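These notes concern the structure reproduced below.
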């Protein structure tokens, strides 16, 4: 199926870099499309919705969920065309020099320019390799912690020894009834301070162990207990639990760039080699966020915003060489004049 409509810019990836690219391209009057693989916008922040984020300039500490909400609202300011659940698998060019984006669904998208903002690629959590485990994903087998409240007063076992697993254990220890942490190696690999906090807490750390079996409840809808096996002695022990959390890392899906039929230079066979202005080796194709690699690259959400603005400005000049290099700042931009009046009136009404 083809989307015959030609867009000025198509943004691939709906995380912070992609959402800000979408906002800024709308600000620059560009006909914009945003394509996201997941069912909702927000990107990797979905992995830690209740974690506090401190390093966005001018923004007081904010939860990942709230920041996502604000980023999505801002990204949709200029009513871009949005495609969710759409995985782009290849990028080519047609005879007219326009980009042709092929989706796994068979959909074809056309665009004058492209901004790749896929972060570290499509991240799929590594699943628990136990037969039949997937049936518990609708009940109490978790691959992320979306709400700490869900685990209040419950017995929880976390499998994993990296930063995320240790962070989750420390977050849940004060609210859960009991926290177990099982890890197949003899020491955790998370940040030293976080590991120290964990081992000095009430959580029970079970090193050199791994989940061997899931034992179902009487109705077979939930996991009632887990059987751990000691990796050194092969001894087993069963623990009654309410919730199981698995954090064994993520699998990176880099199919998009691997199938890019263009002379796109990469770093480490994954990241897009670019410039500080977000340009790639392919004219008209830009990168923003963690997927962009160059000397001096800042891997922060704040850095992604600058990448996005640079990418959009370059895309605008690529399409319209006579266009200004940058957009008018928002405080003096006529685009926001009507909305500013509405916001000021809202503030006046709230203060009455």
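Placed from the backbone N, Cα and C atoms, the Cβ positions cover glycine too.
The feature FAD binding site is assigned by Swiss-Prot to 36, 44, 48, 88, 123, 290, 331. Residue environment of residue 48 (FAD binding site) contains 19 other Cβ atoms, counted within 10 Å of its Cβ in all protein chains.
Summarising the environment of residue 123 (FAD binding site), the number of other Cβ atoms within 10 Å of its Cβ, over all protein chains shown, is 18.
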